[in-house]
Structures are given as C-alpha cells and as structure tokens.
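Data block below; observations after.
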Amino acid sequence: MSTTTGPEAAPKPSAKSIYEQRKRYSTVVMADVSQYHVNHLVTFCLGEEDGVHTVEDASRKLAVMDSQGRVWAQEMLLRVSPSQVTLLDPVSKEELESYPLDAIVRCDAVMPRGRSRSLLLLVCQEPERAQPDVHFFQGLLLGAELIREDIQGALQNYRSGRGERRAAALRATQEELRRGASPAAETPPLQRRPSVRLVINTVEPSAVRGRPQVESIPETEEARKPDQARTTSSADPTSPDLGPRGPELAGLQAERDVDILNHVFDDVESFVSRLQKSAEATRVLEHRERGRRTRRRAAGEGLLTLRAKPPTEAEYTDVLQKIKYAFSLLARLRGNIANPSSPELLHFLFGPLQMIVNTSGGPEFAKSVRRPHLTLEAVTLLRDNVTPGENELWTSLGDSWTCPGVELPPEEGSPYSPEFYNGWEPPATDPQGRPWEDPVEKQLQHEKRRRQQSAPQVAVNGQQDPELETESQLEEKARKWVLCNYDFQARNGSELSVKHRDVLEVLDDRRKWWKVRDHQGQEGYVPYNILTPHPGPQVHRSQSPARHLETSTPPPPPAPAPAPTQVRPQWDSCDSLNSLDPSEKEKFSQMLCVNEELQSRLAQGRSGPSRVTPGPRAQEPQLSPRSEASVVRAWLQTKGFSSGTVEALGVLTGAQLFSLQKEELRAVCPEEGARVYSQVTVQRALLEDREKVSELEAVMEKQKKKVEGETKTEVI
C-alpha cells in the first residue's frame, strides 16, 4: 500500500493558487519584498540540545527524528525584505519571528539523508544569545535553492550595497512560477513517516481452483471459525457484505477498509506528535522564562509559542472518535490483516489513548465522546486482549467505550464519518458504480438487525405462539446456571456486581468473562473463575427472572415428581458440583486448575516467570487443615506455583494456610496470592463435600441398622 502524507503536508496546489502566488510575487518584487510558503520543520539551539554542537550535528539529528516520525511540520510564510527575514502566521499574518539580516550567520540549501530535495537552512545569531539557532525549512511551492538565492542576494545587498544577485534571484523566482513547478507535487514533504502503514497488509490470497481469492470480512462469529477462514466462494445471499457480488469485490472492500485504517493511524500519530512537540516547546519556554533577565522576547519564542499551543477541544474530540472508530475497524479486519495483527495494533492504540486522556484532564472528557459507537466485535476484541493496565484505562472511559452500540441508546444526527487531516477520502463507489457503505456503520446496523431478529416473537394479543412456547420450554431445559463463590464489584457498565452465593443464569460462556443474568434480570459480565455449576433456582425454574410474568390465578398444585433418572452429568451442563461423585468432582477441580493456570499465563504475558509443571494428578497430596508443612509445600509444588510462592508459603501448616484471607496471601505473594486463595477455596469445598458424604453415610448406616432392628423385632 502506498504511503500518504500527514496533516502538515500541503496538498497539490491548484491552478488558482499558483496564479494568486504569481500575482503576489509580481506586486511585492517592485518593493524588494518577496514571500514564500514554507514548512518550518525544527529549530535547534547549538550547545543547548543534546549532541547538537555544529550545523552538521543538527542535520544528522533532523534525519534521525524524521526516521522516527518525530518531525512535525508547521506551515508559515517566510518574507524577505531589504533589512530582515520575517516569519508570519499563514492565516492571521501575525509576525512570529523577525531576524535582522546582520543576525543571519549562514543561509544554505542542504540535502538530508534519504531525501531527493533540499531543505533551507538558516543559522541566526541574536546579540542577546550566546549560541546561534539553527532553523530548517521546506519550500512548498518553490525549491530551497531559489529561496536561498533570494536571501543571500538580500544579504549581499545589505552588506555591500550591490543588488544584482537579489534581482537575478527574484527574476528566477518569477520564471519558476511561470513554469508552475511544484516540489510538493513531485516529492513527499519531509515530515513524520507513519510507522504502522508500512507493515499493515492484507493476508496472502489463497489459490482456489487456479484462481486467486481474497478473504472476505466475516459478519458473524461463525464466519471466523478456522474451517471457514478461507471460504471465498458464494456466501449467504442474505449477507449484508457479499450477497451475490462475489469474493473479488469483498477483497476490494477489505483493501478499502485497511486503507481507511491506515489513514486513521496516520492522524492519531500526527496528533500524538503534535502533543509531544507542544510539550517540548512549553518546557523550553518555561526554562527560558526562569532564566530571563529582561522582558524582551528572546529569539525563537514566537515559533515556540505557536508550537506550544495545545490542540482545541474539537481536535481532541476528533482524535478520540478516530480511536473508537479504529477499534471497530480492527475487529472487523481481524481476519484480513497480519504483521501486525489486530490484537497487536490494539495495544499500539492504547499508548496514544493514554497520552490523550492525560493531556485532556482525565477520563471525563473522553467519556463525553459517545459517537461512533463500538461494534459488538470491537468490545469482544478489547475484552479478550487488553492487559490489566489497558483494561483499567478502558473501563475508566465509561459505557460509551465499554458497551457495544446495540446496548446503548441511539444517537441523534447523521452517522459518524471520519475526516482526515490531509483531505483524503476513501473511494465512494465500487468498480460497478455502487456506493460503498461505511464499514463500521454497516457492522453496527447488521448487529442491530441480528439483535432484533433474535428477540422473542409475541403475538398481538400478548399470547405466545404454542410452537414458540414449545421451543422456549426446550430452551429452558438447555439453560445454564452457576453459583457465585465470591463477591465481585462491577467497574463499568458492561460488568455486573454479584454477591457470594448468588445464583446466576449464563447467557454467554465462550470467553474468559461470562455474560450472566441475576435474579433481578440485570445482565453483565463477570470473570468465569468465580463461578461453579449449579442446578438453578428451585422455585419457578421454568421462567427467567427477566421474563417472569405474574398471573391473576394461582397455579395448580404440582404433580408428584417422577423418580430422578440416573444420568451421568455432562461437564458443559448446569449440574451442581455438590451432586457429583468424588471422581467427577476431582475432574472438575482439575479443569478449574487448568483454566486458572491459563488465565494466569495470559495475564502475565510471555515475559512472566516460568512455572513448575504440575505432576500427575493421581499423586497430588491431599491438603487439609491437619496437613503438616511438608504436605503444604508438596501441594503448592504440585499445583505449579513458582518457587518464590512455594518458599514463602511452604513453611505453613494446613490450618495456617486455610486461615489466610485473599488480601493476606496477596501481601505475601503479590503475583500468585489470588490464585493460591482460589485453589485453597476449591480444596476447602472438596473437603466439606467429603465430610457431608461421610455424615450422610453415617446417618444412612444408622437408619439401616434401625430398620433392620425393627424388622427382627417384628419377626420375633
């Protein structure tokens, strides 16, 4: 994909603008005043900047900054008069800086490394400053050589009174304008180079039946399954993406969406670069203010003041909207981009987002940015991939950032459409002349339709169709219930606060955070590792709390329940842990341990400490309050805890370990304390169940002996 310029780059000049430029030159040349549109790139103070002691050092540092994307070009007017060189604001014509000709030490055109066109170099020495300033400019309509000749001609005229060189330079300038040459149209201006655009690529097309194919963008979760990832032939005719138009058009759409994503990243990087330059300029101004002895403005402060001006509120809103838009685009293109992938680019966006939130005064401003809404896929991508630090930032931004658009009230006004700094617009129509839809808005509409289609159908008179009632009864049998083992406090609108011993209905258990519904009908996400299977509420189980309808007549008395059929419980069902036999209970405990281990590794990342591989489950020590320290140590090693955790807790007895609370374990083992507490809780539950079984067996044995005794008495 091609690299495009950023917001500071000047667009290709139109014929009218070139005409106006020529007209301005023709009117000012007679007064020995010329004016040029330039981009100011950077200013170095020799001796003050790190490693910048000569002009050559400044040129090398500029090349390094450009390769790192740290150059922020700022458009302005450079005016040359018989006595001075002045820098003006291009809009207000306000004077930013003024350099007398006797203060200009050097004027030259330099060729930075990796560029095909030269830059204008000005070295200015103010009488009040010990070291000179080095300025780099880039000509927009004329090359740096012509501007250099004009300034050097003015210097010669100022010092010797000879004006032939400047007159020749002005004639050359007019001749160049007549030819309509434009450096900006021939070569990209020196500026920030996007670091992401060069590596975002669509996935390699696969050859099917000798014909190159492009992966289409899936609209549903099922479309992302591995066996369907490369399906490129005819799709569902009702699909809002492909329909009968074929995979070739889908490939073009994917490329268009990737191009939009690249431009979004360009603008985000430009905004962050502007924030960094603004902060640097502010620090320099504050440093100069502290060391100033007079009230006279020092050299270069006009440029610094302009550069230190922070972005406006509208600009902050615009970049936050683009970040939200990028989240949805990344989720949509998850199967179409690689090197880097969507999750990797997701982490890349959180750095700028953190900086923007900090510089805008905290998360309150970002909370007010409601549009565009996030797609359901974007929320899923975020929830499944953010790190703990990123999750803290993400959840602090409120419901408009953590809830999908289908769960938020609709916003008034036209749909959001990004406007890019450099004026680029995506193609409006496809090769067949049909208008392209905005990819994020289309995905939001698709999710809304899917939500409406999945809603329960009710007749006009309020009575449900008998066939639908039968389906609901079948659905009721397949519903899944869980028991909450710990309190959990929601941190955002998408999560649900639950209490210990709450019985919850599971709505979605495909990821690490399960979507559940409580007895009040409230829905939200909770972590899966605080839940255990449960048979569900014993009263009115045939109706969900959210769907329960009161009737005017009391229900008839229930019929005698048939004898329960002994069926082996399935591990994906809602059977209670208490109803399992010891071997199955052990299997569930093992599954829970594996899930917790996976969660710990995912949260810790690749750089986390390695763990001891757990030994065979059959040889696992049985931990109880009566266990000695050696048994506790062996149990910790078997569970795969790190050596630090084993050394810290391996000196405790079973009773001491069982008495510790989660906060105390976290204080001793910050990284693994919570997991130790979870494992101890599971072990405690297993012990309690075994004791209940033993008590039940004792009662049954006593009852059996009593019955046998009564039988013997009757026989006698």
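Placement of Cβ uses the backbone N, Cα and C atoms for every residue, glycine included.
Candidates Ser182, Ser342 were compared with Swiss-Prot; the annotation phosphoserine appears at Ser182. Of the listed residues (Thr187, Thr532), Swiss-Prot tags Thr187 with phosphothreonine; the rest carry no such note in the record, though that does not show they lack it. The feature coiled coil, as given by Swiss-Prot for the ranges 394-425, 490-521, 682-713, sits at 682-713. Cross-referencing 155-174, 175-194 with Swiss-Prot places the feature region 'Disordered' at 175-194.
Packing against the compositional bias 'Basic and acidic residues' (435-446) from elsewhere in the chain are residues 217, 219, 240-241, 253, 256-257, 260, 325, 328-329, 332, 372-373, 375, 377, 405-406, 415-417, 426-429: each is 6 or more residues past its ends and has a CB under 8 Å from a CB in it. Look at the compositional bias 'Basic and acidic residues' (435-446): DSSP puts its residues at 8 helix, 1 strand, 3 coil.
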